[in-house]
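Asks: Straight out of TrEMBL:
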| type | residues | note |
| --- | --- | --- |
| ACT_SITE | Thr85 | active site, nucleophile |
| BINDING | Thr103, Ile104, Asn105, Asp127 | L-glutamate binding site |
| REGION | 158-189 | region 'Disordered' |
Amino acid sequence: MTAADRKDVNSSVRTYHRIVEAFKFAYAYRALLGDEDFWDVEEIVRNMTNPAFGESLRHRIYDNRTFDDYKYYGDFYSSTNTGGTAHMSVISPDGDAVAATNTINLYFGSKYRSTRTGIIYNNEMDDFSTPGKKNTFGVEPSQSNYIKPGKRPMSFNEPFHICGQQKDPSSSGWSLGRHKNNNWPSPWL
């Protein structure tokens, strides 16, 4: 993206439309990813980062329309959305940065709380897929995200850092998902 992509209202609208459409493809292909210690993602990542693959998706983005059928963007299964998320970013004077995003997952987490502290327990385990069972949001399970001992579930928590050679670092994070806007880059556009 360059300044020319946002030089006037029409250019900006077209650019943001393309970004939103690209997010739809990214969300669909996310279902193919999983914990690399348990799921072979090397070929998937290699394909997804191949310029030819990006070009093939670019040809499926039209400036004058979108598609209501989610299958157009990728008919893959997905994992869960999050409902109770917090984020904290810290940047030290010397530029060291930490971004941490945490969640109780669904509204009121596991719906259990500590009788001693009153803290609501999370249900992060719901981020795993269960064979043959749709998740809380009605999404089909993803084989790459089936639960196994020691495995990390796919998550919509997205802490990140942006570092430039001449600028101070930025640090932030969001919780994205099926029913949440993928708007995390908007402050930097």
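In case you wondered, yes, glycine gets a Cβ from its N, Cα and C as well.
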Asks: Out of Thr103, Asn105, which of these binding-site residues shows the lowest number of other CB atoms within 10 Å of its CB?
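Replies: Relative to the other binding-site residues in Thr103, Asn105, Thr103 has the fewest Cβ atoms within 10 Å.
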Asks: Within 10 Å of its Cβ, which one of these binding-site residues (Ile104, Asp127) has the largest number of other Cβ atoms?
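Replies: Top count of Cβ atoms within 10 Å goes to Asp127.
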Asks: Please find, for Thr103, Ile104, Asn105, Asp127 as listed binding L-glutamate, the greatest distance between any two Cα atoms, in Å.
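Replies: The span, Cα to Cα at its widest, is 11 Å.
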Asks: Helix, strand or coil by DSSP: which one applies to Asp127 (L-glutamate binding site)?
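Replies: Assignment for Asp127 (L-glutamate binding site) reads helix.
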